[in-house]
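Here is the structure we will look at, set down as structure tokens.
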Amino acid sequence: MKIYNTLTKKKEEFKTINPGEVKMYVCGPTVYNFFHIGNARTFIIFDTVRRYLEYRGYEVKFIQNFTDIDDKMIKRANEEGITVKELGDKYINEYYKDADNLKLKRATCNPRATDHMDEIIEFIKGLVDKGLAYEVEGDVYFSTKEFKDYGKLSGQNIEDLQSGARISVDERKKEPIDFALWKNQKPGEPAWESPWGMGRPGWHIECSCMAHNLLGDTIDIHAGGADLVFPHHENEIAQSEGRSGKNFANYWMHSAYLNVNNVKMSKSLNNFFTTRDILEKYDAEVIRLFMLSGHYRTPLNFTMELLDSTKSGLDRMYNALNNLYSLLGEVSKENSDDEFLQVLDGYRDKFIEKMDDDFNTADAISVIFDLVKDINIKVNINSSVSVIEKSIAILRELGAPLGILQKEISNSLEEEVENLIAERQKARQEKNWALADEIRDKLKAMDIILEDTPQGVRWSKKS
Ligand code: AMP
Ligand code: ZN
């Protein structure tokens, strides 16, 4: 399996630290609002990476943090007239509702920055002791000059970075790009006790610290949206490698941005959608299929029209599944050494080949569409039960890492009609005429004709 590594700018063979286990850390949301569809793209992508690694037999320790203390949190809490803690509690709760509805698998752990304050302070102390950080008037800064590899992830030269940053010089910092590990308390802000007085951590340190606490010094995969390469992930490397002297993450993965109608999503442009807005109109599987329809390192354009056509595509896949389930109730040929069984295995191989190539979901989805087309042509009333069962199983199997084709299929027509008739009989016995009529109408809408006979109710489908 190959993964594109932002650090080396190459696709590299994937090798884990421990056999069969993947330690993965994904930067999570700042919990000051409902998460938007841009965030959803990133979350779905890394949920898919995790699901696929599991499909390939790895045990994945998947950590995604909640940033629950920063400037945005403080501003929003003030606007809502609640504490930062209450704001965090509220939107973490809302995050889980949307994430569950999007079928994002729950993380192994979702650490909250404010639950790890002691460890964060310890981490910063370690950096100060090593001469990699310094205190000025209750603030603590990372000394970028002291970390020789600074700039290696974003491919920037430290001198260029320093001169670029000189525009907004803060006199108290040794170098303009030195960044805050700890911020002195300002009036009205929440704060924690520390060796440098009351204050709160900077944003970057929480990820370094929680990745270390939960996964160790070196992890397999560190991931996030492309906007995080610099400065967030660059700074995480400086902190983590500065502290441990070891490689922090073996593979750095970044997902490209989601745009709306070809422009950056923003509230002021009125093209901003929360995940919840879209989940009201579209099924989670439609949203997932759409988000995975392009390569994760290529920006994706979001429009309602594209979602509609994605829905038609997913309907095509489900129609094939529905047909297969109906056929199961009709065919009688038990087994055969049908060559289509091997053809089905071939589709699995192709799917794996695409996904093994840096999670090429776009091509993997094309493989599923080809499979659907082939099934529609080749599988019919003359097929054997084993071919039909295997066709169903393979559609389900290949859909699972993408989080699609996992819905229960309503029973075959026969079963559905029999169940409705039984319900109607019961309603009549209970003299619930309104319900009985309602069920008759429903059957009528399905083109089912009922006939009461001395032997019971008979039904037929209008031809
Ligand atoms: P935030 O809550 O803004 O810190 O973002 C949480 C995650 O979503 C990060 O990995 C961001 O890089 C990612 N993200 C934010 N905006 C977008 C976008 N428009 N498209 C894709 N990913 C995004
Ligand atoms: Zn982070």
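Cβ atoms are placed via backbone N, Cα and C, with glycine included.
Annotated features, as they stand in TrEMBL:
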| type | residues | note |
| --- | --- | --- |
| BINDING | Cys27, Cys207, His232, Glu236 | Zn(2+) binding site |
| MOTIF | 29-39 | motif ''HIGH' region' |
| MOTIF | 264-268 | motif ''KMSKS' region' |
| BINDING | Lys267 | ATP binding site |
| DOMAIN | 350-413 | domain 'Cysteinyl-tRNA synthetase class Ia DALR' |
| COILED | 410-437 | coiled coil |
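Taking the features listed in TrEMBL, we show where each one sits on the structure.
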residue : record              : Cβ within 10 Å
Cys27   : Zn(2+) binding site : 23
Cys207  : Zn(2+) binding site : 27
His232  : Zn(2+) binding site : 18
Glu236  : Zn(2+) binding site : 27
Lys267  : ATP binding site    : 8
Helix-strand-coil residue split for the domain 'Cysteinyl-tRNA synthetase class Ia DALR' (350-413), DSSP-based: 44 helix, 1 strand, 19 coil
Listed binding-site residues adjacent to ligand 2, that is, members of Cys27, Cys207, Lys267 whose C-beta is under 6 A away: Cys27, Cys207
Residues from the same chain, set at least six apart from the ends of the motif ''HIGH' region' (29-39), whose C-beta lies under 8 A from its own: 66-68, 70, 72-73, 75-77, 87-88, 91-92, 94-95, 98-99, 225, 257-258, 260, 265, 272-278, 287, 302
Non-site residues, in chain order, whose CB comes within 8 A of the mean position of the CB atoms of Cys27, Cys207, His232, Glu236 at Zn(2+): Trp203, His204, Glu206, Ser208, His222, Gly224, Leu228, His233, Asn235
In sequence order, those binding-site residues of Cys27, His232, Glu236, Lys267 whose CB lies under 6 Å from ligand 1: Cys27
Reduced DSSP assignment, Cys27 (Zn(2+) binding site): coil
Pairwise Cα distance for Lys267 (ATP binding site)/Glu236 (Zn(2+) binding site) [Å, integer]: 29
Average pLDDT across the motif ''KMSKS' region' (264-268), rounded to a whole number: 88
Within the motif ''KMSKS' region' (264-268), residues counted as helix, strand or coil by DSSP: 2 helix, 1 strand, 2 coil
